[in-house]
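Participant: What Swiss-Prot shows for this protein is this:
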DISULFID  C333-C371  disulfide bond
DOMAIN    43-410  domain 'Peptidase A1'
CARBOHYD  N93  N-linked glycosylation site
CARBOHYD  N102  N-linked glycosylation site
CARBOHYD  N140  N-linked glycosylation site
CARBOHYD  N151  N-linked glycosylation site
CARBOHYD  N173  N-linked glycosylation site
CARBOHYD  N202  N-linked glycosylation site
CARBOHYD  N221  N-linked glycosylation site
CARBOHYD  N258  N-linked glycosylation site
CARBOHYD  N272  N-linked glycosylation site
CARBOHYD  N335  N-linked glycosylation site
CARBOHYD  N366  N-linked glycosylation site
SIGNAL    1-19  signal peptide
Amino acid sequence: MFPCSRIWSLLVAAATASAVPTSLATTHLQSVDLLLTRSSYGFLTDIALGTPGQSLPYLVDWTWTGHYVVTTLCYNDPTATYDCLNVDQKIFNQTLSSTFINQTDQYGYLYWDPNHFYFTEPAAADVATDMLRIGPTAVNTTIQAANFVFNETISAFPFSGVYGLSPVFQGDNRSVQASFYQGWRSGAWHSPIVSFIYCHDNATKAVCSGYDGLQTLGGYNTSHVQGDITWYDIIVTEAINTLDFVYAPAVINYWALNLTRFSIGDEEQELNKTTTLDGKQAAVAAFDHASYGRGAPVSVYGYQRLVELVGAKAVTLSDPPNNGEQGFYQFDCRNSSLLPPLRYEFAGSERAWEIVPENYVEVLANGTNKCTFNVRTLGDGAMVMGNFGETFAIDKYVMFDFEKLQVGIADFAW
């Protein structure tokens, strides 16, 4: 999506990106918590779109560049919906919204093939505007109105759209801007920061009002910050589009950091650096709390070292702890005491962030007292890239600043 001739400008403050403030926005100077339910795809929440508002389940996705919603359109025909979709699919019916305006003539038709929504089938969308309603806010938002061009009648998706929270770079038009960013630029949100809490077990769910997580829009809760927040400038690299999330045209809007150190306990592991779009060398930490963010990020070599430490043996699991392409191993759970924490450092600070063994080891539910690693690898050999998601965030507060283009991390105070 982004010609290399202007890559140098991508990390100019996001406030300079093209976003036309609109008078069709309510002003709200507090934050709002999206209540998250964990699913096999990622975290889901209900959001209302249109006038009157149609409340639908959305996948909250740190790695998507806009507000995507399934509509009635099938091969451009709003009356042929179920020629493309399952009859149980929950959809946004744009024909019932008095504020829906199709703006495809202005922005152009959106089309990604391949993509990480439907993989080998194309993701196609018209561009439109409508009122997005979250809490007391209502913002006239540019959205991606899905226009299906393949048959997906076999089953319904458990959500109706994607609430994208990717960073916005200079030159990104509104069709690929996070709806939160559009709302902040329109004055609906006082703060450009969004934050995430993962309430991963029954002991922590009270913090999330009984839900599995909170995605806070417009700030963070200072009472849950233990110590200081460490802020890191993000980097831009096309390597993510090659090794991790493959789109054509390429998508490079990620909350990604330069990973400067990865160690297993005190054993430092080799880094395999790639070239970023400003010419620097970096191993990459990409933040993603959907299904691709499950599992502690490790290198292939690091995974081999963990296997050696506990004498693990290869195993085929019917219900693996994550959907990574790496193999899985089992070992005697008593050997978990031999495992050290995994440690990561990012450019801008020498602070090491840990994933302790109890958060990357899982007991197999087969009554054999066997355990497996919940880890995920990308690439070959040394550490080139890792996805930092819910496994990393179990005991941390993760924040994104849309104005400064920074990732903030703090220990979480329960």
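In case you wondered, yes, glycine gets a Cβ from its N, Cα and C as well.
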Participant: Rounded to the nearest angstrom, how far is the Cα of N221 (N-linked glycosylation site) from the Cα of N140 (N-linked glycosylation site)?
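Facilitator: With the alpha carbons as reference points, the distance is 27 Å.
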Participant: Spatially speaking, which of the recorded positions N151, N221, N258, C333 is closest to N272 (N-linked glycosylation site)? Use C-alpha to C-alpha, please.
Facilitator: N258
Participant: Is it possible to get the count of other C-beta atoms within 10 angstroms of the C-beta of N93 (N-linked glycosylation site)?
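Facilitator: Its Cβ has 13 other Cβ atoms within 10 Å.
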Participant: Select the closest residue to N151 (N-linked glycosylation site) from the following recorded positions, measuring between CA atoms: N102, N173, C333.
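Facilitator: Result: the closest of the recorded positions to N151 (N-linked glycosylation site) is N102.
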Participant: Would you mind checking how many other C-beta atoms are within 10 angstroms of the C-beta on N221 (N-linked glycosylation site)?
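Facilitator: The answer is 16.
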Participant: Would you say which of the glycosylation sites N140, N151, N258, N366 has the most Cβ atoms within 10 Å of its own Cβ?
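Facilitator: Max Cβ neighbours within 10 Å, all protein chains included: N258.
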Participant: What Cα-Cα separation, expressed in whole Å, is found between C371 (disulfide bond) and N202 (N-linked glycosylation site)?
Facilitator: 21
Participant: Would you mind ranking the disulfide-bonded residues C333, C371 by how many other Cβ atoms sit within 10 Å of each Cβ and giving me the lowest?
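Facilitator: Each of the disulfide-bonded residues C333, C371 was scored by Cβ atoms within 10 Å; lowest is C333.
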Participant: Out of the glycosylation sites N93, N102, N173, N221, give me the one sitting nearest to C333 (disulfide bond) by CA distance.
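Facilitator: Closest recorded candidate to C333 (disulfide bond) by Cα: N221.
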Participant: Which of these glycosylation sites has the least crowded Cβ, counting other Cβ atoms within 10 Å: N102, N173, N202, N335?
Facilitator: N202
